[in-house]
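Novice: Just passing along the structure, written as structure tokens.
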Amino acid sequence: MTSASSTGGTRGGARVISSYAGQDATDPFEAFHIDKGLVRKYMSSLQIGELALDQPSFEPTKNKLLVEDFRELHTTVERMGLLNPNHLFFFLLLLHILILDVAGWFVLWYFGTSLVPFLISTVLLTISQSQAGFLQHDLGHLSVFSSTKWNHLVHEFVMSHLKGLSAQWWTLHHSQHHAKPNCFHKDPDIAMHPFLFALGKILSVELGMKKKKFMPYNHQHKYFFVTMPLLVVPVFQLYSLYFIFQRKLWRELAWTLTYFIRFFLFFEPLLGVTGVLGFLLLLNVLESILFTWISQLNHIPMHIDYDNNMDWFSTQLQATCNVDQSLFNDWLTGHLNFQIEHHLFPRMPRHNYWKVTPLVKSLCAKHGIEYQSKPLLTGFGDILRGVYWISSAWFHAAALKRTLRDREGDH
């Protein structure tokens with residue numbers, strides 16, 4: 001059994017470690033690390049004790065048979081070679097991103113800056129940024145190369161040079177999400193609860209019963225459109241720069257500066273200084289809209305709660321759902337329509353998700369766990385339906401609290 005003190009490494013550090021404090025961290029340890037031998041060299045210095053011989057080695061909150069079956073599945077996945085990347089696949093992904101990027105500039109340079117060329121360029125560059133986001137996601141999960149070093153180096157190039165963001169910031173943030181998805185206080189992706197949105201029925205009812213209100217939650221399905229989708233990437237851009245300076249990541253700063261310099265050199269002669277700044281902001285906002293709808297359809301409609309120390313398989317399945325497979329859905333979402341498989345095996349190259357799906361479905365059926373997959377448009381709709389349904393739960397809990405308080409006052 002791997003202790004929580006040895007799971008962090010470069011995959012999120014102290015925050016990932018603390019999210020498993022006092023818990024069995026064997027499965028996340030296996031899921032996150034490529035070179036486990038290298039990581040284990042540092043484990044002895046982190047060891048703080050051993051279980052006494054009379055202490056149970058298995059946690060009572062977890063399904064022992066399910067844990068054993070999943071670990072057997074993980075062994076099968078490794079034996080089938082499903083964690084081995086296809087370098088040609090990822091090279092072609094990078095090539096198509098670069099072609100989109102160049103095409104976005106070429107359209108404006110060759111056809112001018114009138115409305116139609118401007119719109120075509122905007123679409124091409126937005127798609128390029130979105131697809132670069134998915135490729136950096138692959139690199140951040142160490143799923144493109146068999147070497148951790150090469151994953152990190154190319155991750156910096158894609159994330160910082162092609163997108164102008166910090167690779168280390170993303171790794172720190174995203175590893176916490178994968179360690180405890182949809183667990184309040186542990187998953188930073190749901191940190192907007194309760195300050196911007198009420199999320200999860202249990203958490204929202206708790207807010208309502210405590211009469212806490214930071215926003216008009218009963219209208220959150222309306223203001224969702226003008227908050228998260230418009231602000232996520234621009235806020236990421238600003239916070240990423242702050243993170244780089246705070247951590248003194250000078251190499252990342254250099255890469256990030258090349259992103260802005262390249263953008264200005266190519267587009268300032270065509271659009272002017274004011275125009276290029278506005279164009280940069282527009283692309284950030286459009287990518288933010290695309291990113292938010294794609295990333296949130298797998299998580300916001302799902303179970304959100306405090307950490308209940310469940311087994312790895314159950315933790316991931318209750319927090320994630322899939323979007324039905326198709327060539328378009330695979331491309332548009334960067335294969336994150338296979339969100340269940342991705343969360344169970346975060347290092348698995350995305351071109352292998354479909355191969356493990358039948359095995360995951362079989363394990364779900366054996367243990368009576370729902371495997372959710374839905375059409376793309378249904379997934380988009382479920383974001384709003386989920387936000388609205390949760391707002392209703394908060395509203396009714398707050399109304400109940402008022403009624404109970406009034407009755408107490410009458411007595």
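From the backbone N, Cα and C atoms, a Cβ is placed for every residue, glycine too.
Just so you know, TrEMBL annotations are computer predictions that nobody has curated.
For 12-52, the entry in TrEMBL reads domain 'Cytochrome b5 heme-binding'. The domain 'Fatty acid desaturase' feature in TrEMBL is assigned to 116-373. According to TrEMBL, the feature transmembrane segment maps to 88-111, 221-245, 257-283.
Have a look at these and tell me how they're positioned relative to everything else.
Specialist: Confidence for the domain 'Cytochrome b5 heme-binding' (12-52), expressed as mean pLDDT, is 79.
Within its own chain, the transmembrane segment (257-283) has Cβ neighbours under 8 Å at 105, 108-109, 113, 122, 125-126, 129, 160-164, 234, counting only residues six or more beyond its boundaries.
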Novice: Could you tell me what the rest of the chain brings near the domain 'Cytochrome b5 heme-binding' (12-52), counting residues at least six beyond its ends with Cβ under 8 Å?
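Specialist: Tertiary neighbours of the domain 'Cytochrome b5 heme-binding' (12-52) are 1-6, 58-59, 62, 67, 70-71, 74, 142, 146-148, 171-172, 174-176, 178-180, 183, 186, 307, 309, 311-313, 344-347.
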Novice: Let's see if you can do this one: DSSP helix, strand and coil counts over the domain 'Cytochrome b5 heme-binding' (12-52), in that order.
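Specialist: Split by secondary structure, the domain 'Cytochrome b5 heme-binding' (12-52) comes out as 22 helix, 0 strand, 19 coil.
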Novice: By a Cβ-Cβ criterion of under 8 Å, what residues six or more beyond either terminus of the transmembrane segment (221-245) are in contact with it?
Specialist: 164-166, 168-169, 192, 196-197, 215, 252-253, 256, 281, 284-285, 287-289, 291-293, 296, 383-384, 387-388, 391
